[in-house]
Amino acid sequence: MAHEMIGTQIVTERLVALLESGTEKVLLIDSRPFVEYNTSHILEAININCSKLMKRRLQQDKVLITELIQHSAKHKVDIDCSQKVVVYDQSSQDVASLSSDCFLTVLLGKLEKSFNSVHLLAGGFAEFSRCFPGLCEGKSTLVPTCISQPCLPVANIGPTRILPNLYLGCQRDVLNKELMQQNGIGYVLNASNTCPKPDFIPESHFLRVPVNDSFCEKILPWLDKSVDFIEKAKASNGCVLVHCLAGISRSATIAIAYIMKRMDMSLDEAYRFVKEKRPTISPNFNFLGQLLDYEKKIKNQTGASGPKSKLKLLHLEKPNEPVPAVSEGGQKSETPLSPPCADSATSEAAGQRPVHPASVPSVPSVQPSLLEDSPLVQALSGLHLSADRLEDSNKLKRSFSLDIKSVSYSASMAASLHGFSSSEDALEYYKPSTTLDGTNKLCQFSPVQELSEQTPETSPDKEEASIPKKLQTARPSDSQSKRLHSVRTSSSGTAQRSLLSPLHRSGSVEDNYHTSFLFGLSTSQQHLTKSAGLGLKGWHSDILAPQTSTPSLTSSWYFATESSHFYSASAIYGGSASYSAYSCSQLPTCGDQVYSVRRRQKPSDRADSRRSWHEESPFEKQFKRRSCQMEFGESIMSENRSREELGKVGSQSSFSGSMEIIEVS
């Protein structure tokens with residue numbers, strides 16, 4: 001507040017501070033005519049009207065000023081010469097502007113003879129009522145004054161509603177029974193020593209905070225008790241009025257403290273909140289400093305549990321936020337939507353660890369549809385991670401005469417695509433899909449070296465699953481058609497493949513030791529082979545996989561520990577030592593008892609392994625019409641190879657391979 005006193009002149013802010021503090025007795029004298037006084041005046045002001053008769057009697061000393069004060073006061077006033085006296089009229093600014101024969105000049109002269117401190121209110125009642133309408137009372141509800149500050153209300157009629165159960169007002173409001181009943185106020189918190197308790201308020205609904213508006217009062221010890229009293233009124237569905245003399249400093253301090261504690265606001269936020277509701281509030285600096293201490297006290301009480309509850313609330317709001325997975329190396333990594341390809345070591349590690357089918361978790365329902373919809377071309381082009389090798393992948397040439405529409409990834413390839421460091425991590429990620437029928441119709445990983453081709457197109461005869469099941473019980477008796485893989489599943493599953501050898505056949509692929517491209521026969525081909533009674537000759541009859549699959553598994557290659565599962569396409573382009581970008585694990589030797597493969601004896605002369613075109617049967621010609629030529633311009637080495645090594649061995653790694661896929665059109 002701006003405190004200013006010039007001679008016998010006092011400003012309105014200083015007068016309000018004196019009235020709020022209560023430390024000094026202030027005698028207010030209204031020198032206006034009685035009609036104006038009766039209309040509106042400052043609280044507790046005494047009217048000494050400026051009639052000509054009263055002026056003459058004062059000038060002739062026919063009446064004492066003290067007697068005139070007692071006569072004009074509504075109740076007995078203790079006259080003390082040491083108390084301050086403030087006189088005001090309608091709009092006088094200072095004593096110098098007054099004429100010598102006016103009533104106000106005569107009144108001030110007589111008061112100075114009886115009291116030590118006499119002051120004239122600058123601006124008079126007009127200025128005071130404009131700045132502090134809440135401290136004015138009278139019969140009229142509105143004070144006809146000029147408004148120069150739009151931020152302040154014209155008149156504060158009644159208490160101010162801060163919250164639904166909290167009102168802030170002055171002494172005039174609490175003494176107005178009708179106004180209190182209209183607002184439903186049944187509790188009163190009186191923050192003063194002098195303001196009386198209303199008669200219509202019971203003692204149990206009344207609380208007095210005996211503090212004065214001064215710079216030495218302690219209001220902090222009363223704040224918690226005041227907050228509890230307001231909460232008591234709220235619990236009883238009642239409204240409480242917090243008031244002092246003017247509703248500016250003491251009562252505003254208590255209201256701000258309540259907002260701070262119950263609405264979890266800082267001092268600045270609570271002050272602005274109350275200021276917007278009641279612009280006339282102005283706690284003194286002493287109370288503001290104690291509110292700062294109260295803010296620290298609240299933070300100390302709720303500091304331990306506050307941040308925890310907020311973090312917990314934040315976590316409950318985001319339950320679907322992806323949680324980063326921690327790999328074996330201790331680094332955090334999130335599962336991407338388009339998983340990158342891992343190195344060949346991961347594929348080999350996944351290929352050497354057999355897992356029991358019962359221990360394989362289920363595949364997420366989103367993943368099979370994502371994999372089935374992806375074409376083989378995207379699978380081959382997405383084998384590389386680094387952006388600088390994209391131009392190398394563009395050199396990869398492939399041409400298919402068959403319309404291969406989709407490909408199913410194996411668990412080892414999917415594990416490398418998703419960036420899993422081991423096969424255990426991949427098996428925990430992939431779980432059985434609920435969309436497939438049966439327990440043995442899911443994409444699983446197994447070290448069993450049984451390969452089969454699933455034709456991407458539906459069979460011409462539209463065979464059902466019951467036909468291949470008969471093939472498993474009644475197999476062809478012909479010796480050539482019995483050249484099948486005998487699969488033996490080991491329960492321990494820990495045997496390591498010490499020697500790897502390819503399946504030799506005529507052609508340029510035979511000369512390459514590191515990679516073998518193996519394809520079997522589809523279910524329809526096996527059925528036609530049995531019904532025709534023909535034995536396939538040449539390398540086509542090396543592998544006849546006695547497996548079957550439901551139509552839902554058409555156009556996909558699977559593999560598992562049982563004979564009803566297959567290798568996926570990644571087994572063909574997956575993890576050999578030299579061509580890790582394309583090939584997978586090779587066939588084991590016959591010496592390995594765990595992975596035994598029965599195949600025909602390789603002829604000594606490679607030229608005799610294939611006959612001329614006119615010597616072949618029409619059945620074989622029909623199979624050989626459908627061929628797939630795969631030409632690889634340049635093989636891409638594994639990711640851990642440096643570019644220098646790639647330049648050295650680039651000429652040796654390029655090869656041209658032809659492979660034939662047998663299919664019944």
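Heads up, the Cβ atoms here are built off N, Cα and C, so glycines get one too.
Remember, it's a predicted structure, so these values are computed and weren't measured experimentally.
Record features (Swiss-Prot):
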- 22-137: domain 'Rhodanese' (DOMAIN)
- Lys55: (Microbial infection) N6-acetyllysine (MOD_RES)
- 158-300: domain 'Tyrosine-protein phosphatase' (DOMAIN)
- Cys244: active site, phosphocysteine intermediate (ACT_SITE)
- 321-368: region 'Disordered' (REGION)
- 354-368: compositional bias 'Low complexity' (COMPBIAS)
- Ser446: phosphoserine (MOD_RES)
- 449-458: compositional bias 'Polar residues' (COMPBIAS)
- 449-505: region 'Disordered' (REGION)
- 487-499: compositional bias 'Polar residues' (COMPBIAS)
- Ser501: phosphoserine (MOD_RES)
- 597-665: region 'Disordered' (REGION)
Problem - Pairwise Cα distance for the residue listed as '(Microbial infection) N6-acetyllysine'/Cys244 (active site, phosphocysteine intermediate) [Å, integer] - result: 37
Fill in the blank from the handout: DSSP puts the residues of the domain 'Rhodanese' (22-137) at 48 helix, 21 strand, 47 coil
Handout entry: the domain 'Tyrosine-protein phosphatase' (158-300) - residue tally per DSSP class, helix then strand then coil
Key = 69 helix, 22 strand, 52 coil
Practice task
Note the mean pLDDT of the domain 'Tyrosine-protein phosphatase' (158-300), expressed as a whole number.
Solution key: 93
